[in-house]
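As recorded in TrEMBL, the features of this protein are as follows:
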ACT_SITE  B:D7  active site
BINDING   B:D7, B:D141  Mg(2+) 1 binding site
ACT_SITE  B:E68  active site
BINDING   B:E68  Mg(2+) 2 binding site
ACT_SITE  B:D141  active site
REGION    B:160-184  region 'Disordered'
2 protein chains.
Amino acid sequence: MRVLGVDPGLTRCGVGVVDVAPDRSARLVYVGVVRSPADARIESRLATIAAGIREVLAAHRPDVLAVERVFAQQNRNTVMGTAQASGIALLLAAEHGIPAATHTPTEVKAAITGYGAADKLQVQTMVARILRLDALPKPADAADALALALCHAWRGSGLASSGAQGPLTPAQRAWADAERASRR
Amino acid sequence: MRVLGVDPGLTRCGVGVVDVAPDRSARLVYVGVVRSPADARIESRLATIAAGIREVLAAHRPDVLAVERVFAQQNRNTVMGTAQASGIALLLAAEHGIPAATHTPTEVKAAITGYGAADKLQVQTMVARILRLDALPKPADAADALALALCHAWRGSGLASSGAQGPLTPAQRAWADAERASRR
């Protein structure tokens, strides 16, 4: 399954594409950040974000798009721009004929690290291990986009949402795989 | 000047087009509501809203699009969907090569009724008078879209934001015109 993860934002919108095999192993296909200038008009910024996401959709043809679910309670100045960018990402999925899904930050952290309150460095570290990257994916928006894509692939399997179904949760298994790989 | 006003929403998105002359008189061109089913997937709902706004853009070729500015503080359940729909409207303006603007509900009420805390019925009543409609525009989302479009045309002239520049504010003048028209 090829998943495009989008960490929505106006100044920096993270986009990451991963291939996830039925055995849950994952491979990095593409990662990047779409930026728009803070002093541009809002409609122009959204068009820049849309153009960047469209390029990734056209170049990598994902099967599904996963975007971070934005909450009004995240009472930052930027929350409305973030919500608008997430709406753009969802619209583009529909227009490309692929399904979209949203996941909360807590769901993403839990899927990737096994711990819903994990910090950014833990998430980045796990993303790098799962994808066998030589360095942490940067900036954080890019890492978050990859984490979202991985979270979707794992949760989407219908197993990831319950850690009680096997001896290891997907995240624990990924940790174990990554640890094993790093000792080779 | 032809203005498309958009009152963003997922369940009901109001769209209204008005022509506003240099003397500030206004004429209704089109008003409607784009709806999307509450039980559809979010990406499909946003695509439905986008398709509806695109139809209006193509049919009526406005010079500018005005959309209600959404605040996170409006802590309703629907605020994120509203923000996403507003992002779609802004994106479509950019993609059609026309400028977009946002106005707050208070700005709209003040421009239309002269009173920033006016209630919905006052706004609907004034919109109907300004556009010489036989009945109040309904539903409220449609009236709000028309009010946004009128607000933009009047404020955009560079005079409407200050009531001190003449004996009458634009809203007062519109009231006066409407009153005169209704006595004819």
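Yeah, the Cβs are placed from backbone N, Cα and C, and that goes for glycine too.
The shown structure was predicted, so the numbers you read here are calculated from the model rather than taken from an experiment.
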- Query: So, in DSSP terms, is B:D141 (Mg(2+) 1 binding site) helix, strand, or coil?
  - Reply: helix
- Query: Which of these recorded positions has the least crowded Cβ, counting other Cβ atoms within 10 Å: B:E68, B:D141?
  - Reply: B:D141
- Message: With every protein chain in view, what's the tally of Cβ atoms within 10 Å of the Cβ of B:D7 (active site), excluding that atom itself?
- Response: 30
- Item | Secondary structure of B:E68 (active site) (DSSP, helix/strand/coil) | strand
- Task: Between B:D141 (Mg(2+) 1 binding site) and B:E68 (active site), find the distance joining the two CA atoms and give it rounded to the nearest Å.
- Result: 11
- In angstrom units, rounded to an integer, how far apart are the Cα atoms of B:D7 (active site) and B:E68 (active site)? 6
